[in-house]
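Colleague: Swiss-Prot lists 1-66, 130-140, 206-228, 305-312 with the feature topological domain 'Extracellular'. Annotation source Swiss-Prot lists N-linked glycosylation site at ASN9, ASN31, ASN38, ASN46, citing sequence analysis. For 92-104, 164-183, 254-277, 337-398, the entry in Swiss-Prot reads topological domain 'Cytoplasmic'. Positions annotated as disulfide bond by Swiss-Prot: CYS140-CYS217. The phosphotyrosine annotation in Swiss-Prot covers TYR166, and the record cites similarity to another entry as its basis. What Swiss-Prot lists as motif 'NPxxY' is 332-336, and the listing cites experimental evidence. According to Swiss-Prot, the S-palmitoyl cysteine annotation covers CYS351. If you look up Swiss-Prot, you'll see 362-383 marked as region 'Disordered'. For SER363, SER375, the entry in Swiss-Prot reads phosphoserine. Positions annotated as phosphothreonine by Swiss-Prot, on the basis of similarity to another entry: THR370, THR394.
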Amino acid sequence: MDSSAGPGNISDCSDPLAPASCSPAPGSWLNLSHVDGNQSDPCGPNRTGLGGSHSLCPQTGSPSMVTAITIMALYSIVCVVGLFGNFLVMYVIVRYTKMKTATNIYIFNLALADALATSTLPFQSVNYLMGTWPFGNILCKIVISIDYYNMFTSIFTLCTMSVDRYIAVCHPVKALDFRTPRNAKIVNVCNWILSSAIGLPVMFMATTKYRQGSIDCTLTFSHPTWYWENLLKICVFIFAFIMPVLIITVCYGLMILRLKSVRMLSGSKEKDRNLRRITRMVLVVVAVFIVCWTPIHIYVIIKALITIPETTFQTVSWHFCIALGYTNSCLNPVLYAFLDENFKRCFREFCIPTSSTIEQQNSARIRQNTREHPSTANTVDRTNHQLENLEAETAPLP
């Protein structure tokens, strides 16, 4: 690292690694990924949470109207679809008893992380348009930490789902004891605790800074800053991408071998069909996650190792990587709707309730009330019976 990367060195806006005095771009406060030395890179937004708080510096010093409209439209679509879809997934899992399986408990955790991530998009959009962070220091800390929490919790949950599928396919007897909703909830809590190992420090490191008339939401590092920034990026690359992807690859490799070598896993064709269907759904969700997140991780690690000159292609590539990462947060509900019959049926019942569905819900409520208040239920039954007798007695004779 040369002297230009020393403490206090700040590059100008012609450099994509320019400081936060440049006009912010979406995800700007989440960017540690473009480091030109000790100064946290303000001109490179980082959706992945690999970055601190700065923005990609447009060549003109401010975004063009077409760029701004395009980014705002994309973020708005992702935000609306992501929030609605993920909250619908969580509602379906909580609402329907049949959906409370171990796999769906993990899906609930994934939907929660994705919903939190998409909830930060309105703040990023305002930051992009205004060229400054107007929401104060507390929200700065919350938004940055949510970004890191989402990244780590999502990949840890997908890792857990892959291991869960491996146990279900390759060790079906052990799966009966291990794969329970209660254990799945405990594992979810553990995933959030593990994610706190990065989420909480980032929350304390996040702060707002005033630079040349604008406010930036950024991460602060001890000296030498360039060392700690690059160390953070490398650790995130290893623990939030390389290792989980290796674990997922091994699990699915073993599952594929098992599925090819054994014609029947459970002794029942119907159970086997469901097992393979769920395994396929989890595999697709994992594959989409890897496709959406690989570009940003590769981009960030390359940026940490070499200097990439500012070009139109570089700017477009960066925004494409960010958009791809955000898009993953709203894709999962769509995948569930197409790949899982139970989710598809529950989504349909929620959006277009039929008379039979309403009757089933009413019957379920009546049964629940009967269990919770047996004396009241008996009183209601007696009252209804008395009313029926009274109506029969007072009815006109034929």
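Backbone N, Cα and C define each Cβ position, glycine as well.
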Colleague: By a 10 A CB contact count over all chains shown, which of the recorded positions listed here is most packed: CYS217, CYS351?
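Modeller: Checking each of CYS217, CYS351, the winner is CYS217.
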Colleague: Would you kindly list the residues that approach the motif 'NPxxY' (332-336) from elsewhere in its chain, counting only those six or more residues past its ends and only Cβ-Cβ distances under 8 Å?
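Modeller: Long-range Cβ neighbours of the motif 'NPxxY' (332-336): 81, 85-86, 88-89, 107, 110-111, 114, 281, 284-285, 288, 343-344.
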Colleague: Among the recorded positions listed here, CYS140, TYR166, whose Cβ has the fewest other Cβ atoms inside 10 Å?
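Modeller: Comparing Cβ neighbours within 10 Å for the recorded positions CYS140, TYR166, TYR166 has the fewest.
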Colleague: Looking only at the motif 'NPxxY' (332-336), how are its residues distributed among DSSP helix, strand and coil?
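Modeller: Reading the DSSP string over the motif 'NPxxY' (332-336) gives 5 helix, 0 strand, 0 coil.
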Colleague: Take every residue in the motif 'NPxxY' (332-336), average their pLDDT values, and give the whole-number result.
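Modeller: Summing pLDDT over the motif 'NPxxY' (332-336) and dividing by its length gives 83.
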Colleague: When the topological domain 'Extracellular' (305-312) is classified with DSSP, how many of its residues are helical, how many are strand and how many are coil?
Modeller: 2 helix, 0 strand, 6 coil
Colleague: Taking Cα atoms as reference points, rank the recorded positions CYS140, TYR166, CYS217 by distance from CYS351 (S-palmitoyl cysteine) and give the first.
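Modeller: Going through CYS140, TYR166, CYS217 one by one, the closest to CYS351 (S-palmitoyl cysteine) is TYR166.
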Colleague: Taking DSSP as the reference, which of helix, strand or coil describes TYR166 (phosphotyrosine)?
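Modeller: Reduced to three states, the DSSP call for TYR166 (phosphotyrosine) is helix.
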Colleague: At a C-beta cut-off of under 8 Å, are there same-chain residues at least 6 beyond the topological domain 'Cytoplasmic' (164-183) that contact it? List them, or none.
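Modeller: Same-chain residues near the topological domain 'Cytoplasmic' (164-183) but 6 or more away: 100-103, 105-106, 251-252, 254-255, 258-259, 265-266, 275, 278-279, 282-283.
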Colleague: Taking only the Cα atoms, work out how far CYS140 (disulfide bond) lies from the residue listed as 'phosphotyrosine', in Å, as a whole number.
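Modeller: Rounded to a whole number, the Cα-Cα distance is 39 Å.
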Colleague: Cα distance, CYS217 (disulfide bond) to TYR166 (phosphotyrosine), nearest Å?
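Modeller: If we compare the Cα positions of TYR166 (phosphotyrosine) and CYS217 (disulfide bond), the gap is 42 Å.
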